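Visitor: Sharing the record's features from TrEMBL:
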DOMAIN    5-291  domain 'FAD/NAD(P)-binding'
BINDING   Thr14, Asp33, Gln41, Tyr46, Ala86, Phe121, Asp286, Thr327  FAD binding site
Amino acid sequence: MIKTDILIIGAGPTGLFTVFEAGLLKLKCHIIDGLPQPGGQLTELYPKKPIFDIPGYPSVLAGDLVDNLMEQIKQFQPGFTLNEKADTIQKLEDGTFIVTTDKGTQHHANSIAIAGGLGSFEPRKPLIEDIEFYEDKGVEYFVKNPELFRDKKIVIAGGGDSALDWSVFLSNVASEVTLIHRRNEFRGALDSVEKVQELKHAGKIHLITPAEVVGLNGSEHLESIDIDENGAHRNIKTDYFIPLFGLTPKLGAIANWGLEIEKNAIKVNNALDYQTNIDGIYAIGDVNTYPGKLKLILCGFHEATLMVQSVYQRMNPGKKHVLKYTTVSGIDGFDGTRKEAEKQVVKSIE
Ligand SMILES: Cc1cc2nc3c(=O)[nH]c(=O)nc-3n(C[C@H](O)[C@H](O)[C@H](O)COP(=O)(O)OP(=O)(O)OC[C@H]3O[C@@H](n4cnc5c(N)ncnc54)[C@H](O)[C@@H]3O)c2cc1C
């Protein structure tokens, strides 16, 4: 049985930063994630995309942000149970919890922080015959590594932000980019639509609308696709087909834990500490909902920071916690020299 103070479900940016904030309060964390590596959506969906709204970073690649978060929490030595999904939960008489994964690993914790984001990543697959056969042989549902498409012919399908943004981005990587959408209008952001139109006029993106991919061909690997363009069928040679029709949000087993759920998200008390309707179970990051909720990385960081204060009170009833700046208190786990140097700086300021 793995024992910890806070059991975090989800190793996305919110779950990772929780370890840091909890560490400052000397609370130990263990993280479960169904994926084989940490990072959540950033690693799984857009590791090579730059993010522009992380405070203090004018621009940071999603993958680099995850690496930095891992570096930042290393000193607090969190435990990881990766490649396993949190499956069942049991609340004990003393108010603590046992969470068991789908592979049977048991975790005992004082408090639970659900940072499950969108839940497990299930892409919406188009209904095309034999599509499973071509998965990893030319059909990709995520752009994990743009280099895979360098100097290749690619066809992207979809009308949302992912389809538009990746078409724009990959127009500088692939030898030929075709974007296919079943309507003439796109659902994505206006500036992305305008960028695609610009690239179309510059001859860098082939735009085919309204049209649908109806067939895939190739013996060992994808070689071409069949499309239905307003009733007319034609064949396009391509190395890759990337249908980007979004993800089906699936809370999975967590949906059966007795939590209040609204539109696939867990309701929390945002006026206080992001606790759910069950005492000791918190929900932070993309997985929760409350009036005015924004699904942004920095909102998850904020929620994690407030949540751990509540766990501290739960574990130390009646004990007052005085907030200290890291510039003053330093961080336990840093080497003594640095801590001593920091103390000297504080002293000289005083
Ligand atoms: C293409 C794209 C671009 C984006 N750009 C930006 C941006 O520029 N700025 C910004 O702020 N935000 C951006 N976002 C949103 C941002 O990625 C999310 O807000 C952020 O990932 C939420 O972090 P999280 O830790 O709450 O959840 P996630 O990153 O979704 O991580 C949740 C983790 O929980 C795991 N999990 C779920 N259920 C279980 C379970 N039962 N057991 C075990 N593990 C489980 C999942 O496997 C996953 O790893 C973007 C999103 C996308 C898709």
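Every residue gets a Cβ built from N, Cα and C, even glycine.
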Visitor: May I ask which residues of the same chain, at least 6 positions away in sequence, place their Cβ under 8 angstroms from the Cβ of Thr14 (FAD binding site)?
Guide: Gly40, Ala115, Gly117, Ile284, Gly285, Asp286, Ile297, Gly300, Phe301, Glu303, Ala304
Visitor: Should we count any of the binding-site residues Thr14, Asp33, Gln41, Thr327 as near ligand 1, judged by a CB under 6 A from one of its atoms, and which?
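Guide: The ones that qualify, in sequence order, are Thr14, Asp33, Gln41.
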Visitor: Tally every other Cβ atom lying within 10 Å of the Cβ atom of Gln41 (FAD binding site).
Guide: 19
Visitor: May I ask you to report the DSSP-based helix, strand or coil state of Asp33 (FAD binding site)?
Guide: strand
Visitor: Judged by the number of other CB atoms within 10 angstroms, which among Tyr46, Ala86, Asp286, Thr327 is the least packed of the binding-site residues?
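Guide: Output over binding-site residues Tyr46, Ala86, Asp286, Thr327: least Cβ neighbours within 10 Å is Thr327.
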Visitor: Tell me, by DSSP, whether Ala86 (FAD binding site) is helix, strand or coil?
Guide: strand
Visitor: What three-state class does DSSP give Thr327 (FAD binding site)?
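Guide: DSSP assigns Thr327 (FAD binding site) to helix.
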Visitor: If you average pLDDT over the domain 'FAD/NAD(P)-binding' (5-291), what do you get?
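Guide: Averaged over the domain 'FAD/NAD(P)-binding' (5-291), the predicted model reaches a pLDDT of 94.
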Visitor: Which secondary structure state does DSSP assign to Asp286 (FAD binding site), in the simple three-class scheme?
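Guide: Assignment for Asp286 (FAD binding site) reads helix.
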